[in-house]
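S.K.: My questions all concern the structure below.
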Amino acid sequence: MNDNTAPTVGAAAVSGAAPSATLPPHVPTSATASEIRLTQFSHGGGCGCKISPAVLSRLLAESPWRSFPADLLVGTESSDDAAVYRLNDSQAIVATTDFFTPIVDDPYDFGRIAATNALSDVYAMGGKPLFALALVGMPLDKLPEDAIRRILAGGEAICAAAGIPIAGGHSIDVLEPIYGLVGIGLVHPERIKRNSSAQAGDCLILSKPLGIGMLSAALKKGLLSAEGYQQMLQWTTRLNTPGTALAELDAVHALTDVTGFGLAGHLLEICRGSQLTARLDFAALPLIGEAVAHSQNGIATGASGRNWAAYGGEVELPDGFEDWQRNLLTDPQTSGGLLIACAASAAAQVLQLLRDAGFGEAACIGRLENAAPQLIVD
């Protein structure tokens, strides 16, 4: 059940994975070459359109759920990536859902990115996907049916690469394009990787470089290069399949994925849940080169500012730390990487596992210390 047979997928591999019944992939030769500009139909894009952490906390504060069935092993108590429900002593269901508005203009690429992002939460719990359900909302009076078919085809291609079917779904007619999946997977109850079980002394490892939000903002402004677009596709369509293998390692204590709340936000979730301080080495962060350039030129998403407003009081920055650097810490990542807390003695093994799976920029970015929950940036 927990074997790591699902292939790790980059943009080129996914393009060849589409079922024969779907439309062929279309990758623009430049960031503005798509015939349909999906981003013009939405006010936000990707995980950057998530409700801010502060607002979400207020909305959920009145939730009637204060206790859960004993077999619900992971619920809403720790802001984890997915719900996990025990079926028996050796199997638990992992259930999650993710959907958003377009982050790119090309319909096929939008479908691929949204599907990759949705399945990530199954892997982040240490699970293996079983099947998916499609969530589809489309402005039928604005988008041609061919464009909608291409979005669906992109999602089908990613699910085929993950070795699972899209077994159903639901669709509605709405003002902005929305696409995503319900992801259902399996995990052994004793192999669940939570975001609240890190230990003092753990090494923090990030599997993908940061900067997707910066690239998406540059795309909307017409400033993204063709190379930057390909970098964006390379990472946002790469499935986080190593999560299944990481679940088998006792030395991996906590696991999550970095998405709409940015690296700082999701790392703080680990800190709060585990009652630890994170010390982050900014110089060690893997960063997408063009994203750094755009950040230095003042480009940032609105979500980056909302993220900082929500949790900036829990972050200690060094003297001289510049706004462009801070914006990379809060940059919303669509289909971002795995954030792993593991014993320092296992860091080399975890890094090798990630690199063997195609995550060549994986890096140790900091450590966890036995102190009150906060993030300290060096």
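Backbone N, Cα and C atoms are what each Cβ position is placed from, and that goes for glycine too.
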S.K.: Can you tell which of ASP106, ASP109, ASP121, ASP202 TrEMBL lists as binding Mg(2+) with ASP81, ASP257?
M.R.: ASP121
S.K.: Do you know which of 1-28, 169-196, 225-252 TrEMBL annotates as region 'Disordered'?
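M.R.: When 1-28, 169-196, 225-252 are checked in TrEMBL, region 'Disordered' belongs to 1-28.
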S.K.: Far apart in sequence but close in space: which same-chain residues, 6 or more away, have a Cβ under 8 Å from GLY169 (ATP binding site)?
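M.R.: GLY169 (ATP binding site) has long-range Cβ partners LEU133, ALA134, LEU135, VAL136, VAL182.
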S.K.: Return the residue, from the listed binding-site residues SER79, SER171, with the maximum count of other C-beta atoms within 10 angstroms of its C-beta.
M.R.: SER79
S.K.: By DSSP, what is the split of the domain 'PurM-like N-terminal' (80-187) into helix, strand and coil residues?
M.R.: 36 helix, 42 strand, 30 coil
S.K.: Can you list, in sequence order, the residues of the same chain other than ASP81, ASP121, ASP257 whose CB lies within 8 Å of the CB centroid of the Mg(2+) site?
M.R.: ASP80, ALA82, THR96, SER120, VAL122, TYR123, ALA124, MET125, ASN240, THR256, THR259
S.K.: Which has the fewest other CB atoms in a 10 Å radius around its CB: ASP81, ASP121, ASP257, the listed binding-site residues?
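M.R.: Each of the binding-site residues ASP81, ASP121, ASP257 was scored by Cβ atoms within 10 Å; lowest is ASP257.
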S.K.: Whole-number Å distance between the CA of ASP121 (Mg(2+) binding site) and the CA of ASP98 (ATP binding site)?
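M.R.: About 9 Å separates the two Cα atoms.
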